[in-house]
Ligand SMILES: Nc1nc2c(ncn2[C@@H]2O[C@H](COP(=O)(O)OP(=O)(O)OP(=O)(O)O)[C@@H](O)[C@H]2O)c(=O)[nH]1
Ligand SMILES: [Mg+2]
């Protein structure tokens with residue numbers, strides 16, 4: 001059973017776009033970390049207070065509310081400076097967690113594979129590195145050096161701790177490289193290196209994994225190929241790659257990966273760079289967006305920013321506006337240019353989506369007919385690696401109807417019928 005701790009969330013609406021939504025999102029993030037929000041504190045400030053982040057009066061209000069609700073933990077909807085955390089904790093005798101740290105904790109909880117665990121651990125240590133302090137830091141306490149009185153000794157202790165953390169990061173990075181070398185993902189990709197690759201990307205909880213599963217069931221893949229779907233933030237942390245094989249069409253690979261969220265910690269994007277590598281090498285991205293969300297423009301923006309941060313520019317993209325069934329008047333899927341309006345829970349939607357994918361991936365492909373003499377075994381073998389739509393035996397040999405790329409067509413030019 002999960003243990004739930006009660007918390008207060010607090011935010012300053014200073015120049016923060018979509019403040020209300022980001023506070024709502026913070027409630028979900030807290031829930032994802034088994035924390036229950038009992039009340040919210042909001043403040044409008046023109047300037048953030050350097051010392052306390054909030055104004056002094058608000059700090060006292062938080063302290064009193066915490067007493068009233070019997071709460072020990074406050075989550076702040078922003079990244080705080082190490083000094084702000086210290087000052088807030090000293091002034092209130094409460095514990096403060098910022099949004100970045102909360103996201104890191106959620107990731108740490110969700111990380112099941114060794115790769116994800118290592119990636120999160122690295123991001124957490126990188127986050128801690130500039131934040132450790134000679135007094136009151138967890139490493140000091142572990143070593144029994146809490147609250148060093150001597151300033152000189154404190155500084156050297158601080159350096160020692162920083163060095164220890166850096167060494168830990170290096171060690172974890174080594175382990176990570178080792179884990180990646182032995183990962184299935186890579187061997188899967190190597191085996192299928194010749195296949196075109198599609199990557200699902202987008203905001204967390206948009207329905208990427210549901211879309212992946214829908215496409216897999218269209219391809220009649222067995223249930224064990226399905227990926228995890230859950231109505232929670234960051235259900236997926238690892239990348240899964242699957243092959244989609246439908247009759248009479250060329251195969252392609254599809255990958256499902258971790259989702260984005262606004263103010264996703266930079267360290268985390270860095271740490272998850274290799275998990276997101278599939279998106280970098282993909283021939284086509286499908287950006288899944290929750291069409292039923294009032295925050296749609298911000299979600300598109302956040303995804304765009306995250307893609308830019310991992311160095312993805314100008315990649316062909318299908319905008320997949322999912323959960324259309326939750327919007328009014330939705331009956332069937334609709335394609336407008338590079339966008340599809342659909343529901344990942346509806347078979348006709350998935351068929352339309354897969355056709356759109358084929359149109360993008362195989363736009364250079366066309367249908368040809370070739371006549372191959374029976375005796376040419378090597379050529380028959382080659383043809384059977386291509387997409388055969390029909391075949392017919394005649395006295396002169398086998399006639400194949402093929403769906404081929406320009407290069408494949410060139411190889412078969414002299415066997416082509418009319
Ligand atoms: N009504 C409706 N619900 C959907 C649709 N697609 C997905 N969902 C639900 O939305 C929730 C999130 O779906 P996921 O597929 O796990 O979303 P995701 O984008 O993979 O999320 P993360 O892995 O957490 O980033 C689940 O409860 C799904 O059942 C849809 O078309 N319509
Ligand atoms: Mg998912």
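In case you wondered, yes, glycine gets a Cβ from its N, Cα and C as well.
What you are looking at is a predicted structure, and each value in this text was computed from that prediction instead of being measured.
Pulled from TrEMBL:
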REGION    136-157  region 'Disordered'
DOMAIN    196-365  domain 'Hflx-type G'
BINDING   202-209, 234-238, 256-259, 322-325, 343-345  GTP binding site
BINDING   209, 236  Mg(2+) binding site
>> For the C-alpha pair, I'd like the distance in angstrom between residue 238 (GTP binding site) and residue 209 (Mg(2+) binding site), rounded off.
In response: 11
>> I'd like to know which of the binding-site residues 208, 209, 235, 343 has the most other Cβ atoms within 10 Å of its Cβ.
In response: 208
> Any idea what the Cα distance is from residue 235 (GTP binding site) over to residue 209 (Mg(2+) binding site), rounded to a whole Å?
Replying inline: 9
> Expressed to the nearest Å, what is the distance separating residue 205 (GTP binding site) and residue 236 (Mg(2+) binding site) at their Cα atoms?
Replying inline: 9
> Far apart in sequence but close in space: which same-chain residues, 6 or more away, have a Cβ under 8 Å from residue 236 (Mg(2+) binding site)?
Replying inline: 208, 209, 227, 228, 256, 257, 258, 259
>> Please list, in sequence order, the residues in the chain of residue 323 (GTP binding site) that are at least six apart in sequence and whose C-beta is under 8 Å away from its C-beta.
In response: 206, 207, 290, 291, 292, 293, 343, 344
> Averaged over the domain 'Hflx-type G' (196-365), what pLDDT does the prediction give?
Replying inline: 93
>> I want to check the contact list for residue 202 (GTP binding site): same chain, sequence separation of six or more, C-beta distance under 8 angstroms. What comes out?
In response: 208, 259, 260, 287, 288, 289, 299, 303, 320
> Considering only the binding-site residues 205, 208, 209, 235, 236, 238, which possess a Cβ situated under 6 angstroms from at least one atom of ligand 2?
Replying inline: 208, 209, 235, 236
